Amino acid sequence: MKTIEGNLQLKGNEKIAIIASRFNHLITDRLVEGAKDAFLRNGGKEENIELILVPGAFELPFGLKRAIKTGKYDGIVCVGAVIRGATPHFDYVAAEATKGIANTTLQADIPVTFGLLTTDTIEQAIERAGTKAGNKGFEAMLGLIEMINLYKEL
């Protein structure tokens, strides 16, 4: 049986976008830095990264759709943080952002990865943005690198 899988080594010419929500920027800034770090550590070049900022998580799918349409990128990472509050707003934003990103990704002809945190507390978000639980932006970029390379093999 032949196995086809991606690897974590970039050639250096791959162009990527990081689409980040500005809302909860203390968290999302760390996710962006984690994604950038993973890209650079695995052979990417800083000049091949574009950061696209959208107001909040709900706007991530639209930003993703427009970025895909440009045809400029080999892959895209979406990052953001939705933190539960006292109202049902969290449930709507988290569900619709997730669904929008998933639906847009399935229509894309480039790899897209998901680094949107949906947490119950600010502490959980902080943990997932570079402290106890690693950095989910870094992890999302590793997934993107692997998928970019897998895409080339398929």
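Including glycine, each Cβ sits where the backbone N, Cα and C put it.
The annotation active site, proton donor is assigned in Swiss-Prot to His89. Sequence annotations record features per position, and here Swiss-Prot assigns 5-amino-6-(D-ribitylamino)uracil binding site to Phe23, Ala57, Phe58, Glu59, Ala81, Val82, Ile83, Phe114. What Swiss-Prot records for Ala86, Thr87, Arg128 is (2S)-2-hydroxy-3-oxobutyl phosphate binding site.
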Nearest to Glu59 (5-amino-6-(D-ribitylamino)uracil binding site) by C-alpha distance, among the recorded positions Ala86, Thr87, His89, Arg128, is His89
Glu59 (5-amino-6-(D-ribitylamino)uracil binding site) falls, by DSSP collapsed to helix, strand or coil, into helix
Looking at the recorded positions listed here (Thr87, His89, Arg128), whose Cα lies nearest to that of Ala81 (5-amino-6-(D-ribitylamino)uracil binding site)? Arg128
With (2S)-2-hydroxy-3-oxobutyl phosphate as the bound species and Ala86, Thr87, Arg128 as its recorded binding residues, calculate the greatest Cα-Cα distance and give it in Å as a whole number. 23
For Phe58 (5-amino-6-(D-ribitylamino)uracil binding site), which of the recorded positions Ala86, Thr87, His89 has the nearest Cα in space? His89
If one looks at the chain holding Ile83 (5-amino-6-(D-ribitylamino)uracil binding site), which residues at least 6 apart in sequence have a CB under 8 angstroms from its CB? Asn24, Ile27, Phe90, Leu117, Thr119, Asp120, Thr121, Ile122, Gln124, Ala125
Look at each of the binding-site residues, Ala57, Ala86, and point out the one with the fewest other Cβ atoms around it within 10 Å. Ala86
Give the helix, strand or coil assignment DSSP yields for Arg128 ((2S)-2-hydroxy-3-oxobutyl phosphate binding site). helix
